[in-house]
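Data first, discussion second: the structure below is written as structure tokens.
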Amino acid sequence: MSPHLFLPVVVLVVSPTPGAFQDSAVSPTQGEFEDLDCGRPEPSSRIVGGSDAHPGTWPWQVSLHHGGGHICGGSLIAPSWVLSAAHCFVTNGTLEPADEWSVLLGVHSQDGPLEGAHMRSVATILVPDNYSRVELGADLALLRLASPAKLGPSVKPVCLPRASHLFAHGTACWATGWGDVQESDPLPVPWVLQEVELKLLGETACQCLYSRPGPFNLTLQLLPGMLCAGYPEGRRDTCQGDSGGPLVCEDGGRWFLAGITSFGFGCGRRNRPGVFTAVAHYESWIREHVMGSEPGPAFPSQLQKPPSEPWEPREENCTFAQPECGKATRPGTWPWEAQVMVPGSTPCYGALVSDSWVLAPASCFLDSLHDFETWRVLLPSRPEEKRVVRLVAHENASRNFASDLALLQLRTRVNLTAAPSAVCLPHREHYFLPGSRCRLARWGHGEPAPRSSAQLEAQLLNSWWCHCLYGRQGESVPPPGDPPHLLCPAYQEEEEAGACWVDSGWSLLCREEGTWFLAGYRTLSNGCLRPRAFSPMQTHGLWISHVTQGAYLEDQLTWDWGPEGEETEKQTCPPHTEHGACGLRPQSTPAGVLWPWLTEVHVTGDRVCTGILVAPGWVLAATHCILRLGSSTVPYIDVYLGLAGVSSLPQGHQVSRSVVSIRLPRHSGLRPPLALLELNSRVEPSPSALPICLHPEGVPPGASCWVLGWKDPQNRVPVAAAVSILTPRLCHCLYQGALTPGTFCVFYTEEQEDRCEMTSAPPLLCQTEGGPWVLVGMAVRGSRELFAAIGPEATWISQTVGEAHFLHLGGSSYWSPEGSDPCPQDLAGSASSPKVAALPLLLALLIPR
């Protein structure tokens, strides 16, 4: 368990006006401490999901200051003693000096003093010897004040429970503090003390909730000395800045300190109640360390034991609270879809995110007059229109496409117990799994043309493919748990011919265990193609939550990351060409995910050749395989991508195209070795259909090279055989009299059985360390070792294709395909093809890598 994923340690520093609270220590007379009373605040009417407390309601609540601001809470248990949480004072195993801390007593608002408020220095801080981390228990600390507190109406000690004290499950208790009102959402000025009612949960019920993976994919083993309080549905809880503060329960007219705020997984999250230190468990430790204090803390007897503990469900039979958002009867019928009607504009589509707020693109409204009286919001299954009273645009909405968001507050609340439902929003750490089922939904201006249901369905690409296909060059791929820069869908069906998606914006809804999340959005499409990259919603959850104070931010519901979750750690994306990404292939490739540029070229007569996708509408192949020698007939050709032998790749990426023309370079006399096949329509970039990069010179320096083809010509399962490139000098000598200009030689470093079959004319690929794959050559007819170089045809390819991905990898190639150096004497007169006896000599003469 990673302690940094817990959220107990306060990060908020609220600085009151300097000098607002001065230490006005007055030594009380001994008579004031006779028969110390506890747990009795002055009569009064009566955090996350909390509200302002009335002054004097919780007179034992103290504020612990460090560096001039509030850090943690605490409870006054005796005039000279405060009880708090150990994690407030221990950093990396080291206890912080007591003289750096001060205790503010009798305070209600951190912004200004009340009568009776005063400050005390801390003389000593004590923590249990066995404390190390919050999740391992013993999270409590005793603070001895440098001088006793002055007791009065706003400063009184709380009662401590004895070890035998029993708090019944379901008891309504109260937590107080100045902590965040939501995750990373600080309590606003004037920083008034907050109170929230929480119900005690039995150990079995709490362990049941924490045994199921939830936020951060973590579970928790409750230990003796821990206490849970909250609600399965969440929404009310303590949060950062409340640590060390009290959880008090009333018993027999007195308030007892049942728990000390310790930690939680997030704040107010579903099925994740707060975890407190059970004070009764540590009675003996407290008594031992305050022994001799006069007066010490009070441990009143429990007047009446609660009835026998209520029955708790067995852990395997417990019931979890279900999400209250993201429910749709069928995909495509979205109960949260909202149409914002502004006079003079087309409808703007958004989504209902709470009972009072709609989220929509800010670009719909930035040019409109803010006469909200004329604005209306239409919701499904609602005959009445909702009026708008307020618009809050994201602060970067006009400058940043990724922040094109606005929140519209409705005049009257929507009853969410009936239709419509609000959509769920992801937390910052939400990781939508690769392969997640998603769907496009309307977003922003425009009325999209009718689409078939299948055209809107998609699965998510993994982060590596998404960021490397559509992100910035060289950007690091965020690992799971970090907010992504992009979300990318892979569509289940190819686009209909002639379809154009440019007239409307789209949002991306993704489903987890039957619950729909608003995962991303895109206001404008790129050309006529379906949107390929969406701005993620994870980075905006805190802003939405802060504004709405009620949006449905929901925890991740599926956690089976599998190998995909490990692939993206510490990876960066290779460089792009001016036409985009090319030659991409993950460093660790799952079984079945192969070479996205490799194509099967099916020629009339059941002949199958190897082809390489070099641009969205072009495939490169060997001429001798495509065109029969002496034939003047142009064959009928189909091209297939995304095939792994007889089965398709995951996510259904099967692409087929027909060839409309064959282009050959103009060579004098000889038949050119390379042919370009023009496809009838472009291929959408995807992990199984992506152009390779072309290197216009020789072999890139420091490259590893492979012959890529099929070992079995029937099933055509791709296989890659490692090779070394011979220098032009060695190649010329070994093929004297038989070497065609523009060809080069390779030497296989693997055994014979690992080589590719050659009838389909396999390609030669090279890759520099961490870089993309580049195409260097295509096999020459009838040879395993001879290849026609791509470099000499670079100009022809560029002029013909227009979008070929030429990538200059830098440095000087260690060979050029042309060369006529004289042969060494010991190789002069070699046969026209390499002999086995010559291989050791060849290896010795190879230029080292």
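Cβ atoms are placed via backbone N, Cα and C, with glycine included.
On a predicted model such as this, the values are computed, not experimentally measured, just so you know.
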Disulphide partner cysteine [Swiss-Prot] for CYS766, chosen from CYS693, CYS705, CYS823:
CYS705
According to Swiss-Prot, which candidate among CYS173, CYS206, CYS318, CYS325 shares a disulfide with CYS249?
CYS173
Of the candidates CYS424, CYS438, CYS582, CYS609, the one sharing a disulfide with CYS510 in Swiss-Prot:
CYS438
Do you know which of CYS468, CYS488 Swiss-Prot records in a disulfide with CYS466?
CYS488
Which of these, CYS228, CYS267, shares a disulfide with CYS239 in Swiss-Prot?
CYS267
What is the separation, in Å, between the Cα atoms of CYS609 (disulfide bond) and CYS766 (disulfide bond)?
20
Should CYS466 (disulfide bond) be counted as helix, strand, or coil on the basis of DSSP?
helix
Going by Cα-Cα distance, which of the recorded positions (HIS87, ASP139, CYS510, CYS733, CYS745) sits nearest to CYS206 (disulfide bond)?
ASP139
Could you round the CA separation between CYS228 (disulfide bond) and CYS364 (disulfide bond) to a whole angstrom and send it over?
46
Of all the recorded positions given, ASN92, ASN130, SER243, ASN396, ASN415, which residue's CB has the most CB neighbours within 10 A?
SER243
Counting Cβ atoms within 10 Å of each candidate's own Cβ, which of the disulfide-bonded residues CYS88, CYS239 comes out highest?
CYS239
Taking each of ASP139, SER243, CYS625 in turn, which of these recorded positions have a Cα lying within 10 angstroms of the Cα of HIS87 (active site, charge relay system)?
ASP139, SER243
Sequence order is fine: just name those recorded positions in ASN92, CYS173, SER243, CYS267 with a Cα within 10 angstroms of CYS72 (disulfide bond).
SER243
